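Peer 1: Please find one structure pasted underneath; my questions will follow.
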Amino acid sequence: MSEFIYRAIDARGGVQTGKIQAYGLAAAARQLRTQGLTPLELQPAEAVGVVEDLPPAASWTRWRVTHRRVRARDLSTWTSELSTMLRAGLPLDRCLRLLALMAPAAPLQSATEMLLSDIKAGQPLSRALARHPELFGEFFINLVRAGEATGQLAEALERIREHQERVRELREKAWTAATYPVILAAISVISLVVMLVYVVPQFRGLFGDLGDRLPLATQWVMSVSDALTRNPWLTTVSIVCVLLFILILARQQSVRRRVVQALHRWPVVGSLLTRYQQAVFVRTLGAMLNNGVGLVTALKIAGDTFVLPEFKKYIEDIAVEVKNGRRLADVMQRQVFFEPLVVNLVKVGEETGRLGPMWSEAASIIEREVQQRLQRLLALLEPALILVLGALIAGIILSILMGILAVNDLAAV
């Protein structure tokens, strides 16, 4: 274990210095991060004044960037730390060098190494980021480009982080609200399996070889129970394989998009998903306009947040008309995609020259509506799941009772 000297910024913006022991420079940087410190300088104690450089990126670095996912939280942390170091006055190349040491995910570390290489070659950060659109996206790249043009790169990065946090919070609130119904559905499935595997087989000896003389419902229940208990290991392995297959499919972006497109056709869920995507679109558009990105460019980039092609086409048509000189509010007023409140806010924004803030205000309104509608939907879904579970269990019990009555009738004969 080696000793390192550091100079870092704490959560309050103060500068701290000290020594830390770790098994390498990267481990020391990560250890400082866990303490809530953003390193400005980090070097071995026996080589004060020498800053360790990064090794050249390996040939498989591009694969690590493009083939592995990065969590939204990790990208937000990366953006926040880069903004903090730039505001502290560190040169960009030094910021990237430190970020590569303490990147929270391997793809981010690889991408940071490549960004550092491009920066050293004389390229601006926006152009270097443009080489990794699958990781940073057009929104990130264009806001950085606007920050470079105005000389406010650190401020632009901080606004990107704020936008990332708001979108992530909206997504996490939706997932958190849906957690209980998912758990309830899982418990329902487990309860049914337990009944079919452990309870129903107890009546197999009673029914004997009656076969077709049993009621049809009883035959179905006994057949399912036999299939589950005849070869339990094969059944268990099959269930595990199906679950793994579903998890693998769920990680595929194309599959997730198709699922969302299918859910859009459902009456209640579809309208909720539409409002959720509108919230993300409006929030993204407002953030870009607030940071100096042109309206047409912002419309095109924000339109990519939609999943359904028809929504993207709608935004593309708006961008074309705005480019041809039409007022945005007038174009939106002829459509029914956005509610009148949003259109009126846009009209006020155009008249007062505060279009970006008005879009941000509209985003807050839509986000609150999405949360309220989601809570109402889940409030209806929870008792519905309980009723379905009760109906299925009652159906199994009823089928067993029908079988018992059939046995009594046959015995009486």
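A Cβ is built for glycine as well, from the same backbone N, Cα and C atoms used for every other residue.
Bear in mind that TrEMBL entries carry predicted annotations, made automatically and left uncurated.
The annotation domain 'Type II secretion system protein GspF' is assigned in TrEMBL to 78-201, 281-402. Per TrEMBL, coiled coil is recorded for 146-173. Residues or ranges marked as transmembrane segment in TrEMBL: 178-200, 232-250, 377-407.
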Peer 1: Mean pLDDT, the coiled coil (146-173)?
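Peer 2: Mean pLDDT, the coiled coil (146-173): 84.
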Peer 1: Reported in the order helix, strand, coil, what are the DSSP residue counts of the domain 'Type II secretion system protein GspF' (281-402)?
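Peer 2: In the domain 'Type II secretion system protein GspF' (281-402), the DSSP-based counts are 101 helix, 0 strand, 21 coil.
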Peer 1: Count the residues of the domain 'Type II secretion system protein GspF' (78-201) that DSSP assigns to helix (H, G, I), to strand (E, B) and to coil, and report the three numbers in that order.
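Peer 2: Residue counts for the domain 'Type II secretion system protein GspF' (78-201) by secondary structure: 108 helix, 0 strand, 16 coil.
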